[in-house]
Ligand code: MN
């Protein structure tokens, strides 16, 4: 499902001017090509970096910005001022550019060549001040961009560039994403609802409503062979509970679950959807709330939000794209229940069924149990724990006049008990800085109970993503204090009241 990144490009644009003569400009071009070759050879950078000829005049700058904006495969540009490139030349181009921009503040040579440095060298290597002139213009234009400072050959710098290109992939995904809402919102629920028109204006993705009958029509067309093949896959990939085995009392539930997966998959493929929602209150003719189906679709890269939660569904899809090639899973999540001890408090994250097996610690078990709500047949689901380690929880909420992204950094831990009677996948985590502050800040920020939980991504990805979207981001981490967090929320009310520009 995750589309290949082979056709996506980031353009590398070097700025200069004609002041220095052709010899210097020739060297500028050569050096830029060397840097691009270095980036394309780096294992840290997943997107193809495309060298563009040095821009030296306002017209050349405008042209490249126009081309980048119109090119379907170009998902962003990296700019670097090898020499001085007077920034008034960039005004027209930057005002046209509608793709993410990363300002790489680097220098071709790492160190000053003490013995040989002369005025020719000084003419050629001016990024220390050339990039500041360029940066001033972007600040003057209030242009959101990523700034990466350091020598281009350093691994940490290449990693930062690579991660920014992943975020650009996620942003590009938002521009093309179609979210299918199968059924509406869970009745009376607030945070999962919101302004779908404003979301499309701000983020690019579209959200449209469908009925469970749109899925059942696909189920009705399935062949027995398709169903039995998927059952074989279930048997080989998971530990099946006794009741679901061929001779088991609940075998029919497994067959129904497989049909739901195949029907749902076919519906999503036919419509070109990358994300979807459902809700236990609008299941129509579907026999079970999709459990294993949704879990496996998430594992294949689809976004999902429970109870009609289209914002979390879209965000999950974008975050799965951003996480491409990085170790660790990314899943739909919900803060479910707490573990308060005299020493420390933890959150147990889970959902009724729909946790993505990409975060499983080992081969999941496949089980069937009653759901307790919704009045349908018992749904089949994958049950597992998630390994300990660093992760983030991310929420996207609609505040009425704007969207807000909220990140909480967490540390997953091994559950203190076996949980033999809990029939859902789950994660136990220590919320930073501690649950008291984290939950207070989260609630103050209006964060949802639904989140995207990612072991693969760090806060910096979401920071870059928020910049690309031009939306507010608040981070709850080891340094958060409630007093400062409240001040931040107050300041942001004023800031986002003043600046609400689209990219
Ligand atoms: Mn929920």
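Numbering starts at 1 and runs along the chain as it is shown here.
Cβ coordinates are placed from backbone N, Cα and C, and glycine is handled just like the others.
Just so you know, TrEMBL annotations never went through curation; they're auto-generated.
Fair warning: this is a prediction, and the values are worked out from it, not measured in the lab.
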Q | Listed co-binder of Mn(2+) (same site as 334, 351, 450, source TrEMBL) among 307, 411, 418, 487 | A | 307
Q: Please report the DSSP secondary structure of residue 307 (Mn(2+) binding site), reduced to three states.
A: helix
Q: Please work out the number of neighbouring Cβ atoms within 10 Å of the Cβ of residue 307 (Mn(2+) binding site), leaving out its own Cβ.
A: 25
(Q) Tell me the coarse DSSP state (helix, strand, coil) of residue 351 (Mn(2+) binding site). (A) coil
Q | Mn(2+) site shell beyond 307, 334, 351, 450, criterion: Cβ within 8 Å of Cβ centroid | A | 305, 306, 309, 312, 332, 333, 352, 354, 449
